[in-house]
Amino acid sequence: MSNSDPKTRSKPGPWLPAPESSPLPPSSWAKRTGFRPKFSGETNASDSGQISLPPKPREQSDNQPDLEAGRARPAPTTTTTNTKPSPAAVNGTETAVPTENKDQTVKRRRDSDGGGPPKKESGHGANGQGPAAPTEGTRRAARNEEVVDVLPQTVEDNGFVGRHSHMKYELRDTPGLVPIGLYGFQHYLSILGSLILIPLVIVPAMGGSYEDTSMVVSTVLFISGVTTLLHTSFGSRLPLIQGPSFVYLAPALAIINSSEFQGLSGNNFKHIMKRLQGAIIIASAFQAFLGYSGLMSVFLRLINPVVVAPTIAAVGLSFYSYGFPLVGNCLEIGVVQILLVIFFSLYLRKISVFGHRVFLIYAVPLGLAITWAAAFLLTEAGAYSYKGCDPNIPASNIISDHCRKHVSRMKHCRVDTSHALKSSPWFRFPYPLQWGTPVFEWKMALVMCAVSIIASVDSVGSYHASSLLVASRPPTQGVLSRGIGLEGLSSVLAGLWGTGTGSTTLTENVHTIAVTKMGSRRAVELGACILILLSLVGKVGGFIASIPEVMVAALLCFMWAMLTALGLSNLRYSEAGSSRNIIIVGLSLFFSLSVPAYFQQYGISPNGNLSVPSYFQPYIVASHGPFRSKYGGLNYLLNTLLSLHMVIAFLVAVILDNTVPGSQQERGVYEWYDTEAARREPAVTKDYELPFRVGRVFRWVKWVGL
């Protein structure tokens, strides 16, 4: 007891007392989450030396581990004349915390994926409103490491951090028509794989021709441009691209491979597409209701980083049966494609050309272009030409054993088997109901409704992560509900036009923003306009549809791996080292792979001769799953939903995270900005308020307003 009495305790020396053995507050983590101190238990101490609340005695020491850098943060040894003792220093429990003059230089940490010389500070805070608070680079470089820059951030009284000064253009910046046009086109080109690869998977699975694939690709580009404009104007207003989401791919494949579609003759594509459209329209209307009714604000209490991380990671992991097994049909093309993308995105990521990290930003299109050119040269050189064999003859009509042995290589390695580019018109305008009137079946619609909840969970993580990059504050719960509601309306448009999947925020967009340093809303909007114009050129869709299937699978291997990693990166907003979180995430990921495997393998004989390719066999579970009651629709619903990896991951994570005790700091609860505080801040109002004074009309609807 005598050691804890400040009157009898000996006066500490010039060094700080050693902390007690207890969980240490991750200050670098708190900067990213924007947590309020009253929730996380942390102080408002930042690297700048700015303190808003008196620290607790056991949290005095600066010699604490930096969870971001992975090493101990040494205590500051420099002092200045402008020092002011904190209240705790009066009791002899804390040394004076140094502050810094306005003109003193600071060190900034260079971004690991960005570079360039550090820019001069303008002396202004967020949005240029007044001078920024004084900062101080107190972190020493570890041994054998170069002194790096530290981002100057301002910690406000409410615990949120100011804008990141490393962004080239922030949310409301408009640098000019040419710069935003180039950056907008770059933004879309960098996530090209997310926009075009889904139609290249589902249309052939539905029995569609190359011409059908070309038309769907053009429709996807058109809907992506239109819905992105709607979202940046009347949704969350963050620079997030809307497009076909991988979240909808697995249920779409499950519907496509339903037993009722296996024995169809004729044009299966339009028959299946109309039922997909009906399911997407109903599910999208449900998602719009979830957002605009305010139920999303209630649902947000269950969604935390510990829930989002395994759910989105399971989306990427669920397609392992499609990725490399299809690449194996032409290893010399597919493996080279994968290695090139990995080499560009990892080993050459720091090489700049005219100030742009071209290899990191354009890893996917560069790898695709090089591999496609190599495959074209091999095809023209006759590497895949076999005497007496025609690659355009269907495999079922081949009689010769010699040709039958090489049919797989001719189909997957050659680049001239597709006639999509030749058959596509120069101009084509995508229009609604172009495949016919949608057909509504309740069992398929309920499957998509459950998946729309997963899509909303995905968007919640994207909203929070992107807002910390480009905006001054995280969005309010009303803005988030408004964004989810508009995503539902966007998916209704996708269903009416017939893209085959719903439209939602692309998770990869957050990574693109961090890499390109482009957070301008205007750049994304101009890029969306360019996308709409490209969708009207039929040859563009035909060119994309002619990408060889092996290259598509190789690109998807990289894209799904990125999606898995981006999902797990949400754990940085929580205490990832907590045993509670480790167990929850581990159980969620394991059962997301194991439980669907049970459903997918149930009732299938080892030597069964199935009519679908091996990589589509996990999606025919509705016809042989363990649920076999007298209600066929209920059997279809339960067998299909419980065979989806992301559904199992979400159920396990949301139940465990909301029933296992844990502090708000440990769980990493997403902190959304207060509505009343947002209305008092002009900068936040300009970031999120609806344009053309539309927000004033709906100001009374608090759950979808600012």
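In case you wondered, yes, glycine gets a Cβ from its N, Cα and C as well.
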Transmembrane segment range according to TrEMBL, out of 213-231, 232-250, 669-687:
213-231
Hey, which bits of the same chain come close to the transmembrane segment (581-599), Cβ under 8 Å, at least six residues off its ends?
306, 309-311, 313-314, 317-318, 568, 571, 574-575, 618, 621, 625-626, 639, 642-646, 648-649, 652-653, 656-657, 660, 662, 666-667
Could you give the residue numbers and ranges of same-chain residues that sit at least 6 residues beyond the transmembrane segment (523-544) on either side and whose C-beta is under 8 angstroms from one of its C-beta atoms?
169, 177, 179-181, 183-185, 187-188, 196, 200, 210, 214-219, 221-222, 224-226, 228-229, 232-233, 239-241, 420-430
Within the same chain, where does the transmembrane segment (550-569) have neighbours whose Cβ lies under 8 angstroms from its own Cβ atoms, ignoring anything closer than 6 residues to its ends? I mean 6 or more beyond.
193-194, 197, 200-201, 246, 308-317, 319-320, 322-324, 326-327, 329-330, 333-335, 337-338, 341-342, 345, 363-364, 367-368, 371-372, 375, 412-413, 461, 507-508, 510-511, 585
Cβ under 8 Å to the transmembrane segment (302-320), counting only same-chain residues 6 or more beyond its ends: which ones?
246-247, 249-250, 454, 457-458, 460-461, 507, 556, 560-574, 581, 584-585, 588-589, 592-593, 596, 644-646, 648-650, 652-654, 657-658, 667-670
I need to check the long-range neighbours of the transmembrane segment (636-656): which residues 6 or more away from its ends have a CB within less than 8 Å of a CB in the stretch?
247, 250-251, 254, 258, 302-303, 306-307, 309-315, 317-318, 443, 446-447, 450-451, 453-454, 457, 583-585, 587-589, 591-593, 595-596, 599-600, 618-619, 621-622, 625-627
